[in-house]
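Now, the feature entries from Swiss-Prot:
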| type | residues | note |
| --- | --- | --- |
| SIGNAL | 1-28 | signal peptide |
| MOD_RES | 167 | tele-8alpha-FAD histidine |
| BINDING | 449, 451 | substrate binding site |
| ACT_SITE | 546 | active site, proton acceptor |
| ACT_SITE | 591 | active site |
């Protein structure tokens, strides 16, 4: 069908039609509370705290508040799919730690794109008898309102219990001061101290460390070479990682489960605590009172049984991610629905919802370690004969002051060369991967990850030994701009019948991203040559999955153009809190999860001071 007035959908975008989700956002009547027999198993009508989302930020709120005696319910749109440890990292299996490239498929299977423009390619070879689309055809979850030139095409979400922490890299650096939002005004010393206090607690929850790869040959090859090449100019270290090394060959990667065991309580390990997790239960909106001063209900839908229920609580916390937090608010009458129109007045509730969003630029390449580096692995070895010959031997002098490598290194190399004489590489098969960084500084304002890990891209072809491969990922910051927006359709809904998210985003101009690319190219060349097919390149906008600023934090709603205060409380509402990277209002290049967790800890401290848990009858039982 041609794009003409004969097409009934030709001018659909200009009609007054609004979706059911948009109508619900402006509704004022409350549905009746369900009776006891109408609730899914284990669900009550009322709790002290209702949390939406089960990722590491939701788990932080749950841990802090459950341990303080609150009766907490957590609602997660996704399901439990991470094994016996609910919300655990899926890389915590021997299979994936032996072959990290296999984990790429796990990540790809978990990620759901946020906004996909309609493919305008015409299929002109269909049979004349086949139904053909109009110009406004919504197919396969595509978004007809998305401008492909202003999209974050790589942006995606994960809908499972544990969220993205079930497959993330576990990189948890602190924000350098230039990246951090202020928590204490006009007192830099006090602000530094507050951040240090919060970061320390968050690091303890995540089990962050910087020594898990200290006895990796590949890690030390890369680390020492870069330290040597940039001596006195740049500092290199292990990436701060949320992980615990269990053995020389196995690491337990942290996740939401590490922060808080998502098992229902009371149970045998926590007989006096109250917590319930409800997977496959979607939050559809929050209910405001007539005065718009507090939340009086949380609308949820059981995705298995199909029932819609309103839950009551003293405190409501949205931790469903930077996209879904804003989406739920827009579906509840906050901000505005529909394409932003500068001619219209700002909405009265959260006028800056979805404005000033940020996402990081990303440059990527892969290198194959140089012959010089590989030859240096055996610098302390005395090799007699040829592999496979009866007289073949590999020895070294333990503890010699002339050794270039420590004994643990030499012992691993010797054992591998003797046990696996068929292998031309002297690096043990199970040698841990490199995990190196040079952190964000004013002189080079980008974050770096020089490592070998699984992402939704960057798998290594089978013809190359992965022990030789080093991944280079450099992340750049983006200054918050009001014109960079995430908005929600009043006509189109997503797969869960919520207003469709749409991006209106462009990376600001400037030299910083190009300087970052140059830095990566120069630095990576010191380690080896580029892997064919993985030459230096800018990656899709949004592929970093570090979207921020969708519900910004600040001190004053109007002056700072923000949505929540420094306790993560929504302006004007005494009992609604938002958690996650959407709160971060600054230009940042580093991984934001640790910072978002720190803000959640501060938010919990406010909640514990201003709300009382209900009496716990379990406490009176022996």
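Indices start at 1 and increase along the chain as displayed.
In case you wondered, yes, glycine gets a Cβ from its N, Cα and C as well.
Swiss-Prot feature annotations superimposed on the structure.
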residue : record                       : CB count, 10 Å
167     : tele-8alpha-FAD histidine    : 28
449     : substrate binding site       : 22
451     : substrate binding site       : 23
546     : active site, proton acceptor : 23
591     : active site                  : 27
Distance check against residue 546 (active site, proton acceptor) for the recorded positions 167, 449, 451, 591, keeping those with Cα within 10 Å: 591
Whole-number Å value for how far the residue listed as 'active site' lies from residue 451 (substrate binding site) (Cα to Cα): 15
DSSP state at residue 451 (substrate binding site), helix/strand/coil: strand
